[in-house]
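S.K.: Got a structure here, written out as structure tokens. Questions coming.
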Amino acid sequence: MATVTSNASPKSFSFTVSNPFKTLIPNKSPSLCYPTRNKNHHRLGFSIKATVSTPPSIATGNAPSPDYRVEILSESLPFIQKFRGKTIVVKYGGAAMTSPELKSSVVSDLVLLACVGLRPILVHGGGPDINRYLKQLNIPAEFRDGLRVTDATTMEIVSMVLVGKVNKNLVSLINAAGATAVGLSGHDGRLLTARPVPNSAQLGFVGEVARVDPSVLRPLVDYGYIPVIASVAADDSGQAYNINADTVAGELAAALGAEKLILLTDVAGILENKEDPSSLIKEIDIKGVKKMIEDGKVAGGMIPKVKCCIRSLAQGVKTASIIDGRRQHSLLHEIMSDEGAGTMITG
């Protein structure tokens with residue numbers, strides 16, 4: 001969701017990303033390539049297929065004309081200008097991790113955003129994969145207050161799955177889509193230092209972020225790489241901890257002075273009425289969302305997500321959005337349209 005306005009007539013559209021520019025613009029737009037890539041990196045591009053309710057020629061199922069594709073691309077210009085060169089931290093999880101179609105959508109969105117000059121950073125968890133491996137090893141998964149109880153054996157599996165499997169798979173997918181990703185965890189370059197959560201006696205090796213040192217990330221994003229970060233880190237003694245990925249994303253966004261924090265979730269966003277999906281709140285400030293928590297309108301698993309957003313905003317992040325990760329190309333809808341794809345929280 002952005003506050004940019006365009007003079008073009010409003011349309012309802014969705015993006016399908018493909019490779020490269022030659023299907024849309026005959027590779028004559030160097031400004032739409034990585035500005036910081038060295039000469040050895042190839043040029044990236046994208047085309048956009050629009051599915052709209054008007055004009056009738058599109059509604060009939062005919063392929064959009066080249067002119068119409070260019071029109072849709074030109075409507076993205078104000079949003080590209082607004083966010084070009086800005087850091088966007090995205091937390092990836094939920095249904096978007098288990099559906100191949102949604103996973104492909106997230107990856108292509110990240111590549112497109114990087115191609116037009118944004119600086120995306122991806123933070124991920126991996127609950128479904130962890131649960132599957134625990135089941136294969138006949139280790140029961142246990143949760144308390146939404147947090148995974150993590151003993152020493154479980155912690156070893158969490159690290160193995162998040163860092164060794166999920167992270168590297170995402171890096172490979174992003175690379176295959178045309179960008180260059182670098183896989184990291186909180187351990188690398190002392191990016192994150194963990195500490196145990198207050199109720200660690202009940203939860204085991206579940207941690208929270210004690211410190212962030214983003215110096216290892218800055219040269220990566222400066223040179224056009226997409227960092228992909230697994231949400232595990234160690235304390236000062238070297239003990240590994242499992243950290244909530246929302247928390248990691250929020251703390252990284254704050255440390256980097258990000259323009260935007262985006263949490264992909266399995267809900268439409270923040271609802272005025274939890275029982276009514278049509279009551280989505282498009283935009284709300286910190287004061288308003290705190291009042292919703294007090295009134296019980298924000299409850300359950302949404303509370304830690306909202307608090308994560310509030311904390312990041314209080315530390316200088318411009319906006320934080322909770323968006324519907326079940327929707328294909330929700331990242332593009334959130335950043336490249338006024339409508340957005342969920343709820344944007346402002347300071």
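The backbone N, Cα and C atoms fix where each Cβ goes, and this holds for glycine too.
The annotation ATP binding site is assigned in Swiss-Prot to Gly94, Ala95, Thr265, Asp266, Leu271, Lys297, Val298, Ala299, Gly300, Gly301, Met302, Ile303, Pro304, Lys305 on the grounds of experimental evidence. What Swiss-Prot records for Gly126, Arg148, Asn242, Ile243, Asn244, Ala245 is N-acetyl-L-glutamate binding site, and it gives experimental evidence as the kind of evidence. Under the heading L-arginine binding site, Swiss-Prot lists Lys260, Lys282, Glu334, Ile335, Met336, Ser337, Gly342. Residues annotated as N-acetylthreonine in Swiss-Prot: Thr51. Annotation comment: Swiss-Prot describes 1-50 as transit peptide, evidence class experimental evidence.
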S.K.: Which of the binding-site residues Asn244, Leu271, Gly300 has its Cα closest in space to the Cα of Gly342 (L-arginine binding site)?
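M.R.: Closest by Cα distance to Gly342 (L-arginine binding site) among the binding-site residues Asn244, Leu271, Gly300: Leu271.
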S.K.: Can you give me the residues near the recorded N-acetyl-L-glutamate site, meaning same chain, not Gly126, Arg148, Asn242, Ile243, Asn244, Ala245 themselves, Cβ no more than 8 Å from the center of the site's Cβ atoms?
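M.R.: Output for this site, in sequence order: Gly125, Gly127, Val158, Leu162, Val206, Ser231, Val232, Val248.
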S.K.: In whole Å, how far is Pro304 (ATP binding site) from Asn242 (N-acetyl-L-glutamate binding site) when you measure between their Cα atoms?
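M.R.: Approximately 16 Å lies between the Cα of Asn242 (N-acetyl-L-glutamate binding site) and that of Pro304 (ATP binding site).
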S.K.: Report the nearest neighbour of Gly300 (ATP binding site) in space among the binding-site residues Ala245, Lys260, Lys282, Ile335, comparing Cα positions.
M.R.: Ala245
S.K.: Compute the C-alpha separation of Ile243 (N-acetyl-L-glutamate binding site) from Glu334 (L-arginine binding site), stating it in Å without decimals.
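M.R.: Spelling it out, the Cα of Ile243 (N-acetyl-L-glutamate binding site) and the Cα of Glu334 (L-arginine binding site) are 26 Å apart.
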S.K.: My understanding is the cutoff is Cβ-Cβ under 8 Å with a sequence separation of 6 or more in the same chain; which residues meet that for Lys260 (L-arginine binding site)?
M.R.: Phe83, Lys86, Ile88, Val89, Ala253, Val317, Lys318, Thr319, Ala320, Ser321, Ile335
S.K.: Which of Ile243, Leu271, Ile335, Met336 has the fewest nearby Cβ atoms, counting only those within 10 Å, among these binding-site residues?
M.R.: Leu271
S.K.: Find the one among the binding-site residues Arg148, Ala245, Thr265, Val298 whose C-alpha lies closest to that of Ser337 (L-arginine binding site).
M.R.: Thr265
S.K.: Quick check: in three-state DSSP terms, what is Ala245 (N-acetyl-L-glutamate binding site)?
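M.R.: Where Ala245 (N-acetyl-L-glutamate binding site) sits, the three-state DSSP reduction gives helix.
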S.K.: Rounded to a whole number, how many Å is the Cα of Asn244 (N-acetyl-L-glutamate binding site) away from the Cα of Met302 (ATP binding site)?
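M.R.: So the alpha carbons of Asn244 (N-acetyl-L-glutamate binding site) and Met302 (ATP binding site) sit roughly 13 Å from each other.
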